[in-house]
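In Swiss-Prot this protein carries:
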DOMAIN    1-114  domain 'MTTase N-terminal'
BINDING   10, 46, 79  [4Fe-4S] cluster 1 binding site
DOMAIN    136-367  domain 'Radical SAM core'
BINDING   150, 154, 157  [4Fe-4S] cluster 2 binding site
DOMAIN    370-431  domain 'TRAM'
């Protein structure tokens, strides 16, 4: 029997899909390269925005078209599954897996193959350990989920309702997973969490993200460690110190701000002000001068005025982000904002505001990227792009493209930057690691 998993959304969904694939292969299922070749299709969904939910339903519709022509089991997992539950069975799905029930994927598939309609939502995260089989999408970089859920309850966000409350994995279990990855030749890991900075608070044993980064950096063979996604008020001075002094910890911080207006931040239930956020950036940069800080912003939140938007523009100009993810506000059913705030900003105005910020960020990117011209940076070669060039990222998460060969993938390379754009940088390889082995990760 062959299976195919289509994944939408965040890196945690990607990690969940890797785990589901590993569990299915352990039971004798084999992966298919396309849904047309599969006996079982699983759609791992995202519900963070209306558009992502619509993509999930569109994909379900496409799979049901195939199902009408031949025998096919179709399952839905992820945040849309958790949110819509049994409604998806009514829409034609054969099984539904909640976000904390992905470890029961083989049970769901086997029961569905017998003709049963299956909906599993029970929390099985206590069974989530380093011993789980996983089919990783990369041979040198691995996602490692360290904390599930979120306790922040931002008024626009569906995640606390679909992913549940915060639940940290024991530190030793995470470290054992990283040790196994190192033995398998993995060189980079990214620690994942909806609020990764909250790691360890619920364990009550002194565990923290800062301590985890320090311990993981001692594991031989692991050269770079990343973490996603941070919440400003949970970003500790201890964490800043670790980033500053530990050469294996990436000099890259993703720190969503969402708005520059204090009034809007309060309506969003973000527990900081614009001034406090900018002060945090200053603290980070004072200790880590070469850090690359990226962020997320929502435009068109209910009641956002032109004055509020100007405050956001001011924040972006002062923050000088290396990257900025922009989203138009879309109400998510069940959230506080959906219940209590009228979505009254015209769509055309939301688009105008987003376009303005996109253009502003492009100018900032271009200016910041000029610093790279003529410099030589160290990257891990990741893959070949559609244009034929290869690419990698430096320790600040800057994408560098260059001419290369397939054997280079997974190795360190020094690239001299020759061309600057507002996006990727382009350069020439001046050194390539002969065989993958522990080397300095920064340059």
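Including glycine, each Cβ sits where the backbone N, Cα and C put it.
Features recorded in Swiss-Prot, as mapped to the structure shown.
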residue	record	DSSP (3 states)
10	[4Fe-4S] cluster 1 binding site	coil
46	[4Fe-4S] cluster 1 binding site	coil
79	[4Fe-4S] cluster 1 binding site	helix
150	[4Fe-4S] cluster 2 binding site	coil
157	[4Fe-4S] cluster 2 binding site	coil
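Per DSSP, the domain 'MTTase N-terminal' (1-114) is made up of 61 helix, 23 strand, 30 coil.
Looking at residue 79 ([4Fe-4S] cluster 1 binding site) and residue 154 ([4Fe-4S] cluster 2 binding site), their Cα atoms lie 17 Å from each other.
Comparing local CB density within 10 A for the binding-site residues 10, 79, 150, 154, 157, the maximum falls on 79. Taken as a whole, the domain 'Radical SAM core' (136-367) shows an average pLDDT of 98 in this prediction. A Cβ within 8 Å of the Cβ centre of 10, 46, 79, the residues given for [4Fe-4S] cluster 1, is found for these other residues of the same chain: 8, 9, 12, 13, 45, 47, 48, 52, 78, 159, 162. DSSP assignment over the domain 'TRAM' (370-431) gives 6 helix, 32 strand, 24 coil. Each residue contributes its Cα atom, and for residue 157 ([4Fe-4S] cluster 2 binding site) and residue 10 ([4Fe-4S] cluster 1 binding site) those atoms are 14 Å apart.
On a Cα basis, residue 10 ([4Fe-4S] cluster 1 binding site) lies 18 Å away from residue 154 ([4Fe-4S] cluster 2 binding site). In sequence order, 152, 153, 156, 158, 159, 160, 194 are the residues of the same chain, not among 150, 154, 157, whose CB sits within 8 A of the CB centroid for the [4Fe-4S] cluster 2 site.
Looking at residue 150 ([4Fe-4S] cluster 2 binding site) and residue 10 ([4Fe-4S] cluster 1 binding site), their Cα atoms lie 14 Å from each other.
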